[in-house]
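Quick look at what TrEMBL annotates:
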type	residues	note
REPEAT	4-91	repeat 'Solcar'
REPEAT	117-198	repeat 'Solcar'
REPEAT	210-295	repeat 'Solcar'
SIGNAL	1-23	signal peptide
Amino acid sequence: MGTGYASHHLFSGGLSGLVSVLTLQPLDLLKTRVQQIQHATPGKGGIFAVTRHILATDGTLGLWRGTAPTLARNVPGVGLYFYTLQTVRYHLIPYFSPSKPTTSSSSSSVLPKLSANGNLISGALCRTAVGLLLNPFAVVKTRFESDTYAYRNMREAFRAIVATEGYRGFLQGFTASALRDAPHAGIFVLSYEAVKERTTTWLRPESPSATALILSFSGAAAGTIATIVTHPFDMIKTQMQIRTEPQYRSVVGTIVGIIRERGPSGFLDGVSLRLTRKVFSSAIAWTVYEAMMIALQKKEPE
């Protein structure tokens with residue numbers, strides 16, 4: 001199987017990113033606020049307290065604050081990630097082909113089949129590369145979602161970062177993001193392919209609904225595993241992107257700061273919200289992407 005049309009991957013991935021963002025942005029915003037608020041107002045960082053505060057001050061639409069930079073990052077980012085993942089996996093086939101035939105029907109998957117190591121490497125490599133390219137939008141997104149910065153729009157946010165921190169500010173938190181995203185993506189793709197392979201033996205993808213169930217369950221299960229393992233780095237990344245003290249410019253300094261202010265359990269702040277969002281976003285994104293790719297491939301000329 002080739003890599004397919006680039007436009008198919010970019011469109012299918014971008015659409016999956018769009019649906020996920022519009023549906024789940026409130027969970028991402030609440031996660032950022034919970035991770036931030038213990039620093040600003042200790043003892044008042046509960047999910048329900050944060051939600052009530054947002055609704056009281058900004059109304060219901062306040063839960064979607066930061067949607068614009070999130071869309072600017074995720075729609076092209078998810079499309080680019082899926083296209084890159086497909087391309088890299090295709091070129092890794094000679095080096096990481098499965099040791100035994102898979103049982104998954106070709107109609108239930110659009111990804112070239114690789115060994116476990118190939119799944120791990122391809123996910124980690126592609127996510128890190130795309131993450132570096134889009135880190136400026138990640139910085140702006142996180143600051144929009146926090147209530148530390150009063151940016152009115154994305155242009156103002158970009159200008160303020162350049163004026164106060166220089167272009168280097170757009171790379172803030174990338175190391176922590178890479179430490180989070182590389183293993184997350186690697187573990188996710190490894191788990192996703194394994195769960196999908198096993199699920200396909202129980203539920204044959206003989207109808208669109210069965211295929212959607214396999215894809216969504218596999219995405220949700222893989223998202224759960226990868227998110228729990230990598231959440232501490234998400235906490236470190238968030239602190240590096242919203243805190244202005246010199247200590248929080250390095251990963252080590254941020255780790256020390258979190259332990260001093262919150263204790264070891266602080267690395268799990270916001271985990272329930274991130275886990276909920278990741279489970280649903282993984283199920284949505286991968287189901288939409290693979291279903292769209294399958295539909296588009298069926299329309300390709302022979």
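Cβ from N, Cα, C; glycine included.
Sequence-distant contacts of the signal peptide (1-23), counting only residues of its own chain at least 6 positions beyond either end whose CB sits under 8 Å from a CB of the stretch, comprise 67, 70-71, 74-83, 86-87, 90, 106, 110, 112, 280-281, 284-290, 292-293, 296-297, 300. Looking only at the repeat 'Solcar' (4-91), the predicted model's pLDDT averages out at 87.
Assigned with DSSP, the residues of the repeat 'Solcar' (4-91) fall into helix, strand and coil as follows: 77 helix, 0 strand, 11 coil.
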